[in-house]
Amino acid sequence: MNNNDKWARYCDLLYSDDSLGFWLDISRMDVAINDFEDFNEIYSKAFDALESLENGSIANIDEGRQVGHYWLRNPKVAPSPEISDSITKEIQDISKFGSSILNGEITNSDGEKYTDVFWIGIGGSGLGPLLIKESFKRESIGLDLHFLDNVDPEGISHKLNSILPNLNSTLFVVVSKSGGTPEPLIGMEQAMKFVRDNNQNWSSRAIAITSKGSKLDLLAHNENWLDIFDLPDWVGGRTSITGAVGLLPAALIGADINKFLNGASQMDALTRVKDIKNNPAALLSLAWFKSGNGKGLRDMVVLPYRDRLEVFSRYLQQLVMESLGKKFDRDENQVNQGIAVYGNKGSTDQHAYVQQLRDGIDNFFVNFIEILHDPLEIVEVKNKRPGDYLSGFLQGTRSALTEGGRQNLTITFKSFDESSLGALIALFERAVSLYAELINVNAYNQPGVEAGKKAATKIIKLQKEIEELLDDGKQRTLNEINDALSSDSTESIYLILRKLSENSDHYSMIGNQSNPDKLIISKT
């Protein structure tokens with residue numbers, strides 16, 4: 001393709017919106033102009049499905065739930081006055097709470113301002129707030145955020161001890177829709193013990209984000225926690241960032257939450273247009289579909305050329321992979337769908353895996369994210385402007401990939417602020433919703449995650465049974481333990497006991513670890 005043809009194709013496939021300062025270029029993806037006509041019928045159905053979802057239909061059929069994260073940034077589109085009013089009130093309450101913390105109306109027991117937040121949440125309840133922090137921490141006039149998003153004992157110990165110097169001025173936020181998810185529950189229990197062991201009051205500094213009537217909601221009310229914010233059952237964790245899960249950390253670091261919501265709402269409006277060529281989410285989802293032949297045959301590589309978006313690829317991993325990675329479609333056909341997502345940041349990628357992207361296996365497409373405006377405080381030194389080099393690296397990598405026949409698309413924003421982040425998140429949320437309609441999967445459930453939780457619960461139950469069996473002090477082989485417990489996995493018993501023996505002197509495994517079936521197990 002010569003230069004004139006490339007330019008003509010670029011102009012034909014470019015989408016832009018002046019109000020958001022936004023461009024989407026899919027000209028280097030496997031999309032043809034006639035695809036707009038060929039896909040018109042299936043997209044017409046997808047647009048109608050998304051409209052029905054926003055109108056309050058039970059879109060998550062498996063769980064019998066509405067899907068309402070699009071209402072969060074524009075309460076007026078919610079399907080009932082009750083929902084609309086509750087969203088509006090929540091936004092106002094969070095804004096007021098954030099201001100009260102920042103201006104010192106709410107203080108610790110010594111009358112001092114809070115300086116830190118210890119955030120306990122897993123999955124989207126941790127990734128969303130982390131993205132908020134990383135995106136706006138340079139403009140922050142507020143609190144420093146720390147995250148506990150795992151049950152790694154070493155990680156828990158390190159993170160709790162790291163806040164010890166400022167413990168008296170640290171808020172604790174616990175995020176759990178049900179209040180029973182193991183990771184945030186264990187994190188909360190450890191944090192609670194840590195605070196009390198250091199002679200501090202937990203309830204006066206604890207905040208819950210949870211569903212009304214949940215175990216966490218009841219606990220927070222009974223113990224008179226500092227505040228409680230709502231996580232409705234019609235909002236999933238991976239799409240909760242425009243609710244309390246994202247707004248509270250934004251408010252606590254001094255970001256403009258209304259600007260963030262307005263950006264998302266503006267993008268929602270652009271992506272309600274029922275015309276593929278004039279709908280950026282439709283263009284994006286079509287590019288994904290064509291690239292992977294509708295079967296997710298290509299990975300999505302996310303390369304934002306801006307440090308503040310470094311964790312965006314991790315955020316998209318959950319949004320895209322948990323939403324689209326499904327074994328069965330909605331008609332119960334086995335389809336094994338999904339798109340794998342990974343990424344880095346530019347120009348770090350230049351010195352990491354771009355080598356393989358350019359010359360290795362062709363099983364991906366690249367999603368570049370570009371920000372045009374550079375901060376004024378970084379000036380030219382020795383005739384070099386860092387922003388020019390960053391842009392040059394992006395354009396150069398893009399050209400090198402195209403020359404190698406590698407598909408790529410570019411999302412560009414004029415500047416990066418709360419509005420553009422809200423718009424960027426909304427763009428991908430809407431593209432995921434439309435893509436799910438194209439491949440006929442439920443984007444709002446997570447049966448694989450639930451299966452993992454059930455399996456983990458089974459392992460914990462088995463461990464307790466092993467401990468009780470070995471309380472008699474008798475020596476046994478693994479097979480004898482397995483038979484006594486009528487277990488279906490000797491391997492699981494071995495793995496449990498290997499862990500126990502490493503962490504407790506009461507358990508012993510005598511014998512050669514290379515022959516685990518010969519080991520003699522006992523408890524003293």
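Just so you know, glycine gets a Cβ as well, placed from its N, Cα and C.
Just so it is clear, the model here is predicted, and its values are computed rather than measured.
Within 10 Å of the C-beta atom of Glu322 (active site, proton donor) sit 23 other C-beta atoms, taking all shown protein chains into account. A helical conformation is recorded for Glu322 (active site, proton donor) in the three-state DSSP classification. Residues or ranges marked as active site, proton donor in Swiss-Prot (evidence: sequence analysis): Glu322.
For His351 (active site), the Cβ neighbour count at a 10 Å cut-off comes to 9, with all displayed protein chains included. The active site annotation in Swiss-Prot covers His351 (among others), and the record cites sequence analysis as its basis.
Listed in sequence order, Thr181, Pro182 are the same-chain residues six or more apart from Lys453 (active site) with CB atoms under 8 A from its CB. Summarising the annotation, Swiss-Prot assigns active site to Lys453 (among others).
The CA atom of Glu322 (active site, proton donor) is located 29 Å away from the CA atom of His351 (active site).
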